[in-house]
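One structure is given below, encoded as structure tokens.
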Amino acid sequence: MKAKPLSQDPGSKRYAYRINKEENRKELKHVKINESSLVQEGQKIDLPKKRYYRQRAHSNPFSDHQLEYPVSPQDMDWSKLYPYYKNAENGQMTKKVTIADIGCGFGGLMIDLSPAFPEDLILGMEIRVQVTNYVEDRIIALRNNTASKHGFQNINVLRGNAMKFLPNFFEKGQLSKMFFCFPDPHFKQRKHKARIITNTLLSEYAYVLKEGGVVYTITDVKDLHEWMVKHLEEHPLFERLSKEWEENDECVKIMRNATEEGKKVERKKGDKFVACFTRLPTPAIL
């Protein structure tokens, strides 16, 4: 008889760890931590351990992942992700998400952006199940363990496929910044259609990005960098920002070193290729 994977074996340490985290996550990810009966006042929550969230490095964006997504942005209940910003009287959100990290991985960029942009709601979108669970547990722990009650309340993650459903979550011109950090390079030519930057997808990004908003890209693969630059430069609604602008921008400084992939490249003394583009005004129709 074929043995069960450790992640599904009821007797394994990883299985027990996941079940325990999952039970806590169901309640804690949708409420204000200090209002939950699961956490006593002053009690610390351990940060999650990556070894218990094993996941393949990449996921096929064209597969049917049975994802949940709203029919339209108006149907999205953001209060479940950002309970601190829900108006207690009318139940409405006091802010909208304005910064998106597409393919956020283990959440390093969001966590560094949170204190840098305390007035903005920041969302990470990640297609892989266990990676999403890890980021959720990481944010729960950070929210609970931070002395300031505002700490990390402005970030969260959801499992979603940005290549298919981005306009289902965001209104026209809602976002001010979009990050594409170390995306899957899809080296084989027949796989290039699965890259996160394509002509078709750029039109969707332009739709949800406000005029003057910025697309940030970074990769350690030169071929992918050239591909992203080529497609963004060819699109009529994007214009590349100068090297001087990149050197002075706070987000670029954070993006270079905040992500887990960025730290890995740094350890290996590899190259990091950055390109930033601004969203141009939509031409008037005469």
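All residue numbers here begin at 1 and follow the chain in the order shown.
Glycine residues also receive a Cβ, built from the backbone N, Cα and C atoms like all the rest.
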Per Swiss-Prot, the candidate from SER7, SER148 carrying the annotation phosphoserine: SER7
GLY103, GLU126, ILE127, ASN161, ALA162, THR259, GLU260, GLU261 bind S-adenosyl-L-methionine per Swiss-Prot; candidate in CYS181, CYS276 listed for that same site: CYS181
Annotated phosphoserine residue, as Swiss-Prot has it, among SER12, SER59: SER59
ASP184 (active site) to ALA162 (S-adenosyl-L-methionine binding site) - Cα separation in whole Å: 13
Those residues of the chain, 6+ apart, with a Cβ under 8 Å from that of THR259 (S-adenosyl-L-methionine binding site): GLY105, PHE106, GLY108, LEU109, CYS181, PHE182
For ALA162 (S-adenosyl-L-methionine binding site), the number of other Cβ atoms found within 10 Å of its own Cβ: 23
Tertiary neighbours of GLY103 (S-adenosyl-L-methionine binding site) (same chain, Cβ under 8 Å, six or more apart): MET125, GLU126, ILE127, ALA162, PHE180, CYS181, PRO183, ASP184, ILE196
